[in-house]
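Q: Sharing a structure, written as structure tokens. Questions coming.
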Ligand SMILES: [Zn+2]
């Protein structure tokens, strides 16, 4: 089946939306946070745990999966859902962001990108066509177009060139798509120029994608610029399609971007910051490496229902983190991913009952960022 988006409710005091995405692997309630499973696993957490937490969809990275296990093995094994034993929706990026982050190891032309594999140093090539073909082999429920990523602080001329090529590649990606159940999102570019954002949104919506991502943010601009361009870009997109802000962010970023009308997010923060002993709660951040936690015989969050908070103290998590025990990383990752899910549940509930703006204001003012 093709992707379908139900627009269920709008917050009366902001642009926040409550929606539901139907995919071949099930339903996604939005706004949604998608944990990142770069190599086939959300770091330190297995899929049974993700199911217990209530994760609705995970993200896979095309660039890494292309290098290992690669198209042949994935095809032989029947796709990515089967390989990793995850029966819920999967979104894949196009790999563009990672490839463009390798400035000395890639060559870009109108046809596509050539880059050096970090595994065996061989040269690999991805074109808009082969990128989509590979995402179809992965079996991704939501595929992304291959786009040209430049830092948001690039000059106007560089941004125009990248944007125009992104549009030409988006069209080629759309033409290369062969399967209805693998839906495809376009990516709005245009850095921090309002006229380019407008032009990009118009060019992409005319191609009628299943949804739209806001790309080219969180790559060098200030927080104020990011907020402004998130809001500006979201308003340019059709109401009846999901909107995805790529690579964002902290709990504060999520709440601010929902206010701006964004439906989908992904980020490595919950598990990445867990490694440094940072836990998130509705009251803000808890930095478990701090010395005073060594004597604290209480959970990360007394009101949290996750098994980590029911059983383990901050003192124990402090001890594990200081000693760099993988178990500490894992326990905090579990709590953080649990918290992100409960945060998004609260966001969805309050949009429906009309209190989201009040909740967002309290959270943004009172929770330590
Ligand atoms: Zn917890």
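Cβ atoms are placed via backbone N, Cα and C, with glycine included.
Just lifted these from TrEMBL, have a look:
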| type | residues | note |
| --- | --- | --- |
| ACT_SITE | 93 | active site, proton acceptor |
| BINDING | 93, 94, 95, 96, 97, 147, 189, 216 | substrate binding site |
| REGION | 247-253 | region 'RNA binding' |
| ACT_SITE | 266 | active site, nucleophile |
| BINDING | 304, 306, 309, 335 | Zn(2+) binding site |
Q: Do any residues, 6 or more residues outside the region 'RNA binding' (247-253), come within under 8 Å Cβ-to-Cβ of it, and if so which ones?
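A: Sequence-remote neighbours of the region 'RNA binding' (247-253) are 97, 217-218, 226, 265-267, 269, 280, 339-340, 343, 363-364, 367, 369.
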Q: I'd like to know which of the recorded positions listed (93, 94, 95, 147, 189, 216) lie near ligand 1, counting only a CB under 6 Å away.
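A: So the answer is none.
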Q: Averaged across the region 'RNA binding' (247-253), what pLDDT does the model get? Just tell me the whole number, please.
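A: The predicted confidence over the region 'RNA binding' (247-253), as a mean pLDDT, is 94.
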Q: Does anything in the same chain, at least 6 positions from residue 304 (Zn(2+) binding site), have a Cβ under 8 Å from its Cβ, and if so what?
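A: Result: 281, 335, 338, 339, 342.
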Q: Tell me the Cβ contacts of the residue listed as 'active site, nucleophile' under 8 Å, same chain only and six or more apart in sequence, or just say none.
A: 33, 34, 35, 36, 59, 91, 244, 246, 247, 248
Q: Measuring CB to CB from residue 306 (Zn(2+) binding site), give everything in the same chain under 8 Å that is also at least six residues away in sequence.
A: 53, 334, 335, 338, 339
Q: Can you grab the distance from residue 97 (substrate binding site) over to residue 309 (Zn(2+) binding site)? Cα atoms, rounded to a whole Å.
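A: Here the two Cα atoms lie 36 Å apart.
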Q: Other than its own, how many Cβ atoms are within 10 Å of the Cβ belonging to residue 95 (substrate binding site)?
A: 24
Q: Within its own chain, what residues at least 6 apart in sequence put their Cβ under 8 Å from the Cβ of residue 93 (active site, proton acceptor), listed in sequence order?
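A: In sequence order, 59, 60, 61, 62, 63, 144, 246 meet the Cβ cut-off.
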Q: Give me the CA-CA distance between residue 147 (substrate binding site) and residue 309 (Zn(2+) binding site), in Å, as a whole number.
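A: Taking the Cα atoms only, residue 147 (substrate binding site) lies 41 Å from residue 309 (Zn(2+) binding site).
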Q: Out of 96, 216, which of the binding-site residues is least crowded by other Cβ atoms within 10 Å?
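A: Each of the binding-site residues 96, 216 was scored; lowest Cβ tally within 10 Å is 96.
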Q: Let me check the 10 A CB neighbour count of residue 335 (Zn(2+) binding site). How many other CB atoms are there?
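A: I count 27 other Cβ atoms within 10 Å of it.
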Q: For the recorded Zn(2+) site, enumerate neighbouring residues of the same chain (Cβ within 8 Å of the Cβ centroid of 304, 306, 309, 335, site residues themselves excluded), in sequence order.
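A: Going along the sequence, the neighbours come out as 299, 300, 301, 305, 307, 308, 310, 334, 338, 339.
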Q: Whole-number answer please: how many Å between the C-alpha atoms of residue 189 (substrate binding site) and residue 309 (Zn(2+) binding site)?
A: 41
Q: Tell me, by DSSP, whether residue 93 (active site, proton acceptor) is helix, strand or coil?
A: coil
